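**Student:** Got a structure for you, written out below as structure tokens; questions coming shortly.
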Amino acid sequence: MTSINKVPPSIYTRSCPNCGGNISSQRLFNGSVCESCLKDDREFSNLSDLINILSENSNLKNLTQIRDVLEEYKKVEEIFGKLLNNSKPIGPQRSWTIRFLRGESFAIIAPPGLGKTTFGLIMSLYNATRNRKSIIIFPTRTLISQTVDKLAKFSELYSYSPRILYNKQSPTQTENILDQLKSGNFDIFISTNRFVIQNLSELSNIKFDFIFVDDVDAALKSGKSAKAILRLVGFTDEDIQTTMKLLRENIGEEEKFGKIQEIRESRLKDKIVIFSSATISRGNPILSSLMGFRPGSSVIYLRNIYDSYIDLTQTCKGQDFEECTLGTVIKLLKRLNDGTLIFVPIDKGAQYADYLASNLRDHGINVESVASSSISKLEKFERGEVSSLVGVATHYGVLVRGIDLPWRVKYSIFVGIPKFKFKIGEYMHPLALTRLLSLVYLVKNDDKVRGLLSYIRKRLRKISPAALAMLAKDIREGKIDDERLKEAYNLVNEYLKDNEFLKKVSDVGDLVIEGDYILMPDYLTYIQASGRTSRLYGANLTTGLSVLLIDNSRLFELLNKKLNLILDEVKWYSLDIDADKLGQVSLSDISAKITEERESLSKIKKEGNVESSSLSVKTTLFIVESPNKAKTISNFFSRPSTRSYGKLRVYETVLGDRVLIVAASGGHIYDLITEDESEKQDDNYVYGVLVKDSKFIPIYSTIKKCEKGHQIVKDLSQNKCPICGSRIVTDKTEVVDILRKLALEVDEVLIGTDPDTEGEKIAWDIYLAIRPFNGNIKRAEFHEVTRRAILNAIKNPREFNDNLVKSQIVRRIEDRWIGFKLSRKLQTEFWEQHCTSISKKNSKDEECKENRNLSAGRVQTPVLDWVVNRYQKYNENKKKYLIIESQDKSIFPFSVLALKKNGLSKNTQIIIHLEDINIKEEEFGPLPPYTTDTLLSDAANLLRIPASDTMRVAQDLFELGLITYHRTDSTRVSNVGISVAETYLKSKQVDISKIFRPRSWGEGGAHEAIRPTKPLDETMLKASIEQGDLELSKQLTFNHFRVYNLIFRRFITSQLPPLVVTKQIVRIRAYTKDNIELELDENKKEFVIGYKLKEGDEFRQTLQDAIYTLFRLYQPLDEKMKGKELSATITGTLNKSDVQLYTEGELISEMKSKQIGRPSTYAVIISTLKKRRYIIESKNLKKIIPTKLGMAVKEYLMENYKQIVSEKRTVKLLEKMNEVEEGKVDYLVLLKELYNEIQTIS
């Protein structure tokens, strides 16, 4: 349980877990129920104790079903104890069991050693004791034989003998088995996939209550076998066709999946279906849609590997390269000895693998080369009869994907960098084709190319690794039946003939051009192949050693760049065999550690006690706000399995010592209730807050939304919107129910909402809502959505910060009280006066009823005051100017403003005299990285993106893991951030010593400036997305890239030397042809004609995509123009003032400097003023102008309530709120002050 000094009192309506009534925060914090359900106010450490007390008091209501599940769980736990030497289910098994007992179907994707098959067998045994029938499906008869033996042993230990049937080979036995199945004379039927497909018509008519598919990857290897599984579950051919049609239809997601859900619920009914696998290479969308869950994929990014290298380009200098390479491999194998996988480049192929293996055997090394058909050699390696294997480094190769032996594989050796290599003009590998097509699209921006790319990607995603290998072979041999594929090859090869295009592609796309050949690092193959040395086995992630023999230095740089992008950071160790050194570490020590681990695993495997290694594995529910963030996080560790609960999608993945279940709350779940004054229960109720005995108790209800988009925060008696009468489509009560369900099945809950007061309050509300269902709940804090940051947050959870919670409570109540009180005044009293006045002026007789679109707020009112005052001063100082433009804009591109004179009008000829031309240099920057206010200001001023849009874009970029948290007033850069800049600069091949100036820009602390999380400029980001290196859960728009580019440039420039800006200053006069002197707005023009880096300027061109500049570059005027006259013309007039109107950016800067608002509210304040039509933005110059309504509102509020909404009072109050956040001020004292203040509003 979390430690909070004193729980802030509040009431949550309809949130009692037992009766659905109102309940206090203290009771939820205690893991209890409401007073109506239990008079005693006591604390419960677990749900079982609470249920027992309620049962004793005969007051068990909504928790009855959970009581039944927990009682059955105890029985299953007893079975586990009897069968597994008094062992209880480990974390994942407990989660699976609870889901099973709730009647859920789901997928288990977990590594060997977590007891998946054992779980399936025990649940089928449990089912048998309840007269329910089970079918367990395996890929091979060998596994069936082992399972029958295991079940026999289980039956003996449990003293219960279920009727077990299993399929045999002969037709007679098959017929006999089918007869027994039809008669129902069985409890457990054990079958192969093949038997199910061959006898589907008979088996689909037999009612199985529990279907357990032990190797779903094998079961889904073809559409036919996937269809067989669906038919066995009970789905008809018509169901499958309907689902296929619905998935293709262009209708809303809710309608589409609602119809599929109806099919699912009608067929599954009382059936439970569980898919189990250690890995899965592909999915089936129809099966996933109908089952309501999707199996995940193999865990390829979880690794504990020493990545080492030997640079053959240096060590083999002056020697025969092939002989030197062979000698290095021999020396390595004699040093490492046993358990090694050796990978040769795909361009050298299987022939070279055979050649290498033969040479190694000649040197006394026990090695075999393997291909896809070498099953016997793999088995020999597994038994230890062969010490090492040689195969081709290709992503579908048998050694890359087809071997999973954690107790056997120790080392990997790459004889050259894994790569795609092809001659320009030939048919390359289809995966290389997709990468090149994406680069063609980036450089040429050709929609036809984009269409081909999309088509080929979809095709490749649908086929199995074996089918991909066959396709690659056919293409290599010139057999291409697919016309669109052929068109893509022809198009790419045509482009590759253009040398200029090749240069552009190599700059953008991480490839090496060697003569007529193109080389691209195959980083996925390196990750997967080296990953064979570091596998999950139970709770253990084995240690591995990978040795990469570098045969191309540039390709190694590109490989490293890709690996850092995918894995966050890869540390490389230089390997010196003779010195026995791995970097500064002893090679012998690492080797001994690896060998000891493998011996331990071999012993566990031999003794058949796999589960004993998994006792520390636990299940963790990780809750975030947004679905995008949930998807991004779950994809860090694998392609997760998913399950759907209504509209909420839940992701499941594996992290070594835990199974991680990721879900999203969708932002705030609760908010202050919004009953009208007429609905008040008593006078102590003040706008959603109960005021009693000097206590302030906020009342919260779940947030609801209707079809028309209205948000409602009140308890409804009907499923109807009280505003418009439309149907309620979203009620966060559903989210609470789902999170409670998930919390019950896990060992711990971590709440990873945003790291600010709003995020803390969301987390606190979730904590209270689920506390009765799980007592082990903590806060996970992270400031960037990266693998490194998420792992750190999971490993280092913290307690809840009650000061942040109290601060948000104060802010929300203050916003509500002031907002509602003053808003009512505006909507009624003010509007009646204002509307009547307008009607009289317009000679109209209008009925001036209340105007509910009007609102006032503590912060928005001073900001409106600034806008109105600035506008008034602007008008007071406004003058009319003539616009004068040179007739030759190529010489002088600037407009000149002159005070209007009588007799001068449009098209009048004017002379501009260039009196003097000078040059000066100034240092510019570096500026610190962005904070929220500076980002919003720059985005508004430079990109003309409104603040509200910039915040939405930044929120997306944060959730997609591309930038750090965007609501911040810190300029600090962490060491991780500095390393991002360093990595980027190295990737641009600049001299770090000349140009890199690492700066932290602030003191230590949790918060950081807004910066990129990856060393990718805008062009590189686009390339990474197009090539599939980055798979984002949301498509980026034009504005996403523009804002990202701004953030990236500002950050990188903050780590560079200052810029030296060259300016030209031109002093001018203007007069008519009659020598009448004109009074100019300014008699000089100052503009930037160039810039350079103060140090390391030779790299400026290389870094042009990364340098932040606020200025536009102009062509310099020739100094010979000094004293010359230019012909010009008056082109128009404009009004100009000495006082400038605000832009959005300037208004935000003003809020920051005057300490009005916070990073999270700057955009909201401006957006609200626009929404209420108090201000508008001019079309061209984007200046903020108050409307007549805005000016009237400001005048009314300042005349009547200045003491409440003045800038001075607002700043003072915001300071006190910050002090609540820091624990310096009691939040109840501040609420009392606010309460007294609103009483003055009569």
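Placement of Cβ uses the backbone N, Cα and C atoms for every residue, glycine included.
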**Student:** If I go by Swiss-Prot, the feature zinc finger sits on one of 6-46, 580-620, 826-866. Which?
**Tutor:** 6-46
**Student:** Any idea which of 65-93, 674-702, 703-731 is down as zinc finger in Swiss-Prot?
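**Tutor:** Matching range for zinc finger: 703-731.
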**Student:** Under a criterion of Cβ-Cβ distance under 8 Å and sequence separation of at least 6, what residues of the same chain contact Glu625 (Mg(2+) binding site)?
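**Tutor:** Once residues fewer than 6 apart are set aside, Glu625 (Mg(2+) binding site) is near Ala664, Ser665, Gly666, Gly667, Thr753, Asp754, Gly759, Ile762.
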**Student:** Around the Cβ of Gln93 (ATP binding site), how many other Cβ atoms lie within 10 Å? Please give the count over every shown protein chain.
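**Tutor:** Its Cβ has 27 other Cβ atoms within 10 Å.
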**Student:** Provide the three-state secondary structure of Tyr965 (active site, O-(5'-phospho-DNA)-tyrosine intermediate) computed with DSSP.
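**Tutor:** The residue in question, Tyr965 (active site, O-(5'-phospho-DNA)-tyrosine intermediate), is coil (DSSP, three-state).
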**Student:** Identify, in sequence order, the residues in the chain of Cys721 (Zn(2+) 2 binding site) that are 6 or more apart from it along the sequence and have a CB within less than 8 Å of its CB; answer 'none' if there are none.
**Tutor:** Cys706, Glu707, Lys708, His710, Ile712, Arg727, Ile728
**Student:** Which one is it: of the binding-site residues Cys16, Cys34, Cys37, Cys724, whose Cα lies the shortest distance from the Cα of Tyr965 (active site, O-(5'-phospho-DNA)-tyrosine intermediate)?
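**Tutor:** Ranked by Cα distance from Tyr965 (active site, O-(5'-phospho-DNA)-tyrosine intermediate), first place goes to Cys16.
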**Student:** Cβ under 8 Å, sequence separation of at least 6 from the ends of the zinc finger (6-46): give me the contacting residues as numbers and ranges.
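**Tutor:** Answer is 53-54, 57, 59-63, 670, 673, 690, 695, 697-702, 715, 733, 736, 740, 765, 768-769, 771-773, 775, 802, 805-806, 809, 1227.
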**Student:** Taking every residue in the domain 'Helicase ATP-binding' (97-298), what is their average pLDDT?
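**Tutor:** Residues in the domain 'Helicase ATP-binding' (97-298) carry a mean pLDDT of 82 in this prediction.
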**Student:** Whole-number answer please: how many Å between the C-alpha atoms of Cys16 (Zn(2+) 1 binding site) and Gln93 (ATP binding site)?
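**Tutor:** Roughly 29 Å, rounded to the nearest whole number.
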**Student:** DSSP-wise, what's the residue breakdown of the zinc finger (703-731) into helix, strand and coil?
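**Tutor:** The zinc finger (703-731) comes out at 0 helix, 11 strand, 18 coil.
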**Student:** At the Cα level, what's the spacing in Å between Cys37 (Zn(2+) 1 binding site) and Thr117 (ATP binding site), rounded?
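**Tutor:** Distance (Cα to Cα, whole Å): 42 Å.
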